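What follows is a set of notes on a single structure, which appears directly below.
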């Protein structure tokens with residue numbers, strides 16, 4: 001089996017992005033561009049991957065971790081110079097090496113595999129990945145002879161009128177015979193106006209040496225899109241989102257309006273779940289089967305089991321078990337967990353709390369730092385008072401308890417199972433089973449006193 005290597009070029013600054021963030025670390029559908037490239041290389045069964053870093057090297061290393069090895073390009077002197085920096089790691093190896101830019105998030109593993117296969121079948125020294133561009137302006141053109149053999153790559157500024165009419169373009173991805181690549185790099189010079197070492201010049205060197213130079217033309221031009229500015233980032237995101245949404249629909253998920261379903265790459269959604277319009281689902285969210293995610297919802301890094309309904313609400317790092325429903329207009333903050341058939345109605349907030357099966361929190365309530373048992377009724381306007389100005393404190397509520405509307409539960413307390421908290425109470429002491437707790441001033445009516453008031 002032929003050894004397969006890859007080099008990811010990720011050293012450039014990307015000034016056109018106008019950003020403090022290194023270009024390849026901008027995200028497309030929840031994953032950085034360079035991570036998209038790495039994921040597809042790994043899916044193509046390429047395990048020996050070197051990333052060339054330079055500007056923002058530490059941040060790129062933080063993003064990719066130990067999944068790859070790194071070569072440092074201290075000065076950005078061109079793509080050929082970048083590949084030279086990998087010689088200590090790759091120079092002595094046999095096999096094939098794919099070179100790809102870290103700002104091309106749309107390439108797929110299938111395309112990489114086809115490129116490798118084409119290259120190997122033709123025993124080439126280098127195979128250029130090409131595509132047909134609807135508008136080739138700005139791209140290097142692939143010039144072939146009368147029998148289709150690649151003669152050269154000509155850049156836009158150097159192209160004749162006839163060459164400018166060519167629609168086959170260089171995508172900037174190459175598959176090299178590894179040893180021939182590094183041998184040719186030793187002959188590479190920077191004798192050009194920019195004083196840089198161009199990887200495309202290696203192709204000319206190999207051609208001069210009589211090596212086989214081929215080009216594999218892929219079908220989907222969109223894959224080759226490089227991202228250099230915010231406009232291109234938005235376009236790449238739209239293309240990626242369409243891919244994600246199309247696959248979800250093929251897998252049995254209903255997207256009412258695919259154009260406004262913003263779903264990240266790593267999200268998983270079960271069959272017969274319905275996603276309405278203007279929904280954002282981010283991070284490593286998993287949604288089960290037969291769920292309904294209502295319009296205007298935002299869900300991030302959360303787990304929803306089967307048959308869950310979320311209406312116009314926000315969930316962050318939360319878990320919702322089967323049969324539960326949330327919203328409209330509620331917020332599950334990190335470490336919220338709802339048991340089976342829990343109802344959290346409108347304008348509620350739950351944070352770092354477990355709510356047991358069958359419990360109902362109807363409206364306008366805050367539950368934080370608490371554990372609630374099963375089949376509890378939490379009335380309107382109940383507040384779990386969890387912060388004393390220094391510490392967050394915990395409250396427990398037992399099964400079948402009833403908490404009346406407009407009550408304050410001041411932590412730390414334990415509301416026992418089957419106990420009853422009267423409406424309007426401020427509870428500061430724990431209760432025993434079957435207690436009724438009432439903590440409010442007795443009402444006093446003063447006859448005729450309202451006439452004396454200034455309103």
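Please read every residue number as a count from 1 along the shown chain.
Cβ from N, Cα, C; glycine included.
Residues or ranges marked as region 'Pyrophosphorylase' by Swiss-Prot: 1-230. Residues annotated as UDP-N-acetyl-alpha-D-glucosamine binding site in Swiss-Prot: 9-12, 23, 73, 78-79, 101-103, 140, 155, 170, 228, 333, 351, 366, 377. Per Swiss-Prot, the feature Mg(2+) binding site maps to 103, 228. Under the heading region 'Linker', Swiss-Prot lists 231-251. The feature region 'N-acetyltransferase' is assigned by Swiss-Prot to 252-455. According to Swiss-Prot, the active site, proton acceptor annotation covers 363, on the basis of sequence analysis. The acetyl-CoA binding site annotation in Swiss-Prot covers 386, 387, 405, 423, 440.
Sequence-distant contacts of the region 'Linker' (231-251) (same chain, at least 6 residues past either end, Cβ-Cβ under 8 Å): 17, 26, 28-29, 33, 36, 105-106, 222, 225, 258, 261-265, 267, 269, 271. Across the region 'Linker' (231-251), DSSP helix (H, G, I), strand (E, B) and coil residues number 20 helix, 0 strand, 1 coil. The separation of residue 377 (UDP-N-acetyl-alpha-D-glucosamine binding site) from residue 386 (acetyl-CoA binding site), Cα to Cα, is 19 Å. Across the structure, residue 103 (Mg(2+) binding site) and residue 333 (UDP-N-acetyl-alpha-D-glucosamine binding site) are spaced 34 Å apart at their Cα atoms. Cβ environment of residue 440 (acetyl-CoA binding site): 422, 424, 425, 426 lie under 8 Å away, each six or more residues apart in the same chain. Reduced to three states, the DSSP call for residue 440 (acetyl-CoA binding site) is coil. Residue 12 (UDP-N-acetyl-alpha-D-glucosamine binding site) falls within neither a helix nor a strand when secondary structure is assigned with DSSP, and so counts as coil.
It is 16 Å from the Cα atom of the residue listed as 'active site, proton acceptor' to that of residue 333 (UDP-N-acetyl-alpha-D-glucosamine binding site). Summary: among the binding-site residues (9, 423), the fewest other C-beta atoms within 10 A of the C-beta are counted at 423. The record assigns 386, 387, 405, 423, 440 to the acetyl-CoA site; their largest pairwise CA distance measures 22 Å.
The separation of residue 78 (UDP-N-acetyl-alpha-D-glucosamine binding site) from residue 423 (acetyl-CoA binding site), Cα to Cα, is 72 Å. Residue 12 (UDP-N-acetyl-alpha-D-glucosamine binding site) counts 21 other C-beta atoms within 10 Å of its own C-beta, drawing on all protein chains shown. Over all protein chains present, the Cβ of residue 386 (acetyl-CoA binding site) has 22 other Cβ atoms lying within 10 Å.
On the backbone, the CA of residue 102 (UDP-N-acetyl-alpha-D-glucosamine binding site) and the CA of residue 387 (acetyl-CoA binding site) stand 46 Å apart. For residue 405 (acetyl-CoA binding site), the nearest of the binding-site residues by C-alpha distance turns out to be 377; the candidates were 9, 78, 228, 333, 377. Here the region 'Linker' (231-251) has a mean pLDDT of 98 out of 100.
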